[in-house]
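Peer 1: Just passing along the structure, written as structure tokens.
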Amino acid sequence: MSFKDKFEAYDWEEVKVSIYSKTAQDVLNALLAQKRTLEDFKALISPAASHFLEPMAQLSRKLTQKRFGKTLQMYIPLYLSNECTNICTYCGFSLDNKVRRKTLSREEILREVNVIKSLGYDHVLLVTGEANQTVHTTYFKEVIELIRPYFSQISMEVQPLETAEYEELIALGLYSVLIYQETYHKEDYKKHHPKGKKSNFDYRLETPDRLGQAGILKMGLGVLIGLEDWRTDSFFTAAHLQYLERTYWQTRYSLSFPRLRPFSGGLEPKVEMTDRELVQLICAYRIMNEEVEISLSTRESEQFRDHCIQLGVTSISAGSKTNPGGYAVEPESLEQFEISDERSPAQIAAMIRERGYEPVWKDWDAVFKP
Amino acid sequence: MLKIADKTFESRLFTGTGKFSSAALMEEALLASGSELVTVALRRINVNDAQDDMLLHLKHPHIHLLPNTSGVRTAKEAVFAAQLAREALETNWLKLEIHPDPKYLLPDPIETLKAAEELAKLGFVILPYIHADPVLCKRMEEAGVAAVMPLGSPIGSNKGLKTIDFLEIIIEQSNVPVIVDAGIGSPSDAAKAMEIGADAVLVNTAIAVAGDPVAMAEAFKMGVIAGRMAFEARLGNQENFAVASSPLTAFLDEL
């Protein structure tokens, strides 16, 4: 049994019609419910809910503060490599994008780590493309062993791996893995991933199951907003999350909602999501799920991020570079995507404090995994 | 005065340090609460940094630190974390919490008991966070814990004493102090816990996420004092039947 079995019982178009036919009464029922179902979630992300944005935001803020207090986790990505054997229509690292490729050496990684530590970070997110000849489990093991003394929490956003590979990395101190489905629309997924291992929709769909079986402490889910109808994609994300929470009950979960950003050789989003709609989605997820962590990257604008931190978001990045070597080694190399909020971590932390929240730089300890 | 292991406490309000909007506000609220035992999550502090912001704000002569193991999922991890805490914070006191369930953060009774048995042998003063299970509390006592910390309702829920029937049994049976932990949402909940005979309460979320955490901390301080006074003054018995001013059977005396 994996999520694939549940997923195949759904029909994309039926789900979409069901979401778009929700009424104002359905939204009210969802807001007033004691325990909310996936049908309630559909109502909260429906066009009908756009008229309830303020009460949704108020409820989202209240639930978030009850669970997480007035705190925000700080994290930063460390891009290890832009090598990739996949073609993805929306990504700067795509194989058909003719750019210079680079994978950081041990010495270069430590130079990057040095800068990241000087910014105050204790949580790091390792990012690569998918190039199994150079960026493989052996490389990841070496990197985790190399940087573990410097960070209390190490997360990873790389290609899907096998259960046994995840087990090896977890044993070395890997805390969480982010694995985005990009879109749950199977046909469109294939259009956006015409070549490479990533073109296997089912393998990607079952990756969270493999992570759960490996005993990962936290996993991040999400779709890339802009590829397909965001409401339908978000419903499938919520259904996936609900299944995972019930199956792998010892794992924590996080969500993020990357909106398609410009990049070198890039694709225009098929679907535009407005700021109002993104706020609606953040609030809908929070109202549906009080425990899930919600993160917001530097893809979003300064003003948007400043306001979102009190709506339901629980973690935020700052000072991010999306190119390998971006902090110290090769600051001018190609980025995966353009970031929108270019403020420094110190500036972001000051903004968080001004708004009555505490930036949290450390919320884990490697000693918990002896 | 409340005595736990080798320490005595004037205040029966213990507090947590999470969820505050700043370390300075946390400090102000804790001072207003009068709390002398403050639990701090190991995962939130940098034990190698003498200038750790949270620890600096907890440096007061009357405040004893109670490191907790929040974040661990097994007895093995808890023992490891406890040893680190003892070395780094120079205290053998430990709030033992093992909750592998990240959703409701409910404690794992089996792993907690295993850890308590192991840690007692290693000389720790253990205060375990557990479900309001009277049998488990007795088993913990046998393992050598210094107090038990049964939950009032799920952690952070502010739902109050949903487990009150079991808390009353625990209090009745316990040979170690009973500290009601988790779920206490208002000063009246804290007062109620004290009225039924709890030795202390531990409060975090209800203070940290209040509109005015400092005022709320003071309100909890007073709630705990009132509840304890009421317990010591011995509440009048509740009656399940009316005591009539003109009893129906009074005529019998005249016969």
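Here the Cβ of each residue, glycine as well, is placed from N, Cα and C on the backbone.
Automated prediction, rather than curation, is the source of TrEMBL annotations.
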Peer 1: Can you tell which of B:Gly156, B:Gly223, B:Gly227 TrEMBL lists as binding 1-deoxy-D-xylulose 5-phosphate with B:Ala182, B:Gly183, B:Asn204, B:Thr205?
Peer 2: B:Gly156
Peer 1: Go through the recorded positions B:Lys95, B:Gly156, B:Ala182, B:Gly183, B:Asn204, B:Thr205 for me and flag any whose C-beta is under 8 angstroms from a C-beta on chain A.
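Peer 2: The recorded positions close to chain A are B:Gly156, B:Thr205.
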Peer 1: Write out the long-range same-chain contacts of B:Gly183 (1-deoxy-D-xylulose 5-phosphate binding site), meaning residues 6 or more apart in sequence whose Cβ is under 8 Å from its Cβ.
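Peer 2: Counting only residues 6 or more apart in sequence, the Cβ neighbours of B:Gly183 (1-deoxy-D-xylulose 5-phosphate binding site) under 8 Å are B:Leu151, B:Gly152, B:Ser153, B:Pro154, B:Ile155, B:Gly156, B:Ser157, B:Asn158, B:Lys159, B:Gly160, B:Leu161, B:Lys162, B:Asp189.
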Peer 1: Report the same-chain neighbours of B:Lys95 (active site, schiff-base intermediate with DXP): residues 6+ apart in sequence with Cβ closer than 8 Å to its Cβ, ordered by sequence.
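Peer 2: Those within reach of B:Lys95 (active site, schiff-base intermediate with DXP), by Cβ under 8 Å and sequence separation of 6 or more, are B:Thr39, B:Leu66, B:Pro67, B:Asn68, B:Thr69, B:Leu127, B:Pro128, B:Tyr129, B:Met149.
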Peer 1: By a 10 A CB contact count over all chains shown, which of the binding-site residues listed here is most packed: B:Gly156, B:Ala182, B:Asn204, B:Thr205?
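Peer 2: Of the binding-site residues B:Gly156, B:Ala182, B:Asn204, B:Thr205, the highest Cβ count within 10 Å belongs to B:Ala182.
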Peer 1: Rounded to whole angstrom, what's the largest C-alpha distance between any two of B:Gly156, B:Ala182, B:Gly183, B:Asn204, B:Thr205, listed as binding 1-deoxy-D-xylulose 5-phosphate?
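Peer 2: Taking every pair among B:Gly156, B:Ala182, B:Gly183, B:Asn204, B:Thr205, the longest Cα gap is 9 Å.
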Peer 1: Need the DSSP three-state call for B:Asn204 (1-deoxy-D-xylulose 5-phosphate binding site) to compare against my parser.
Peer 2: coil
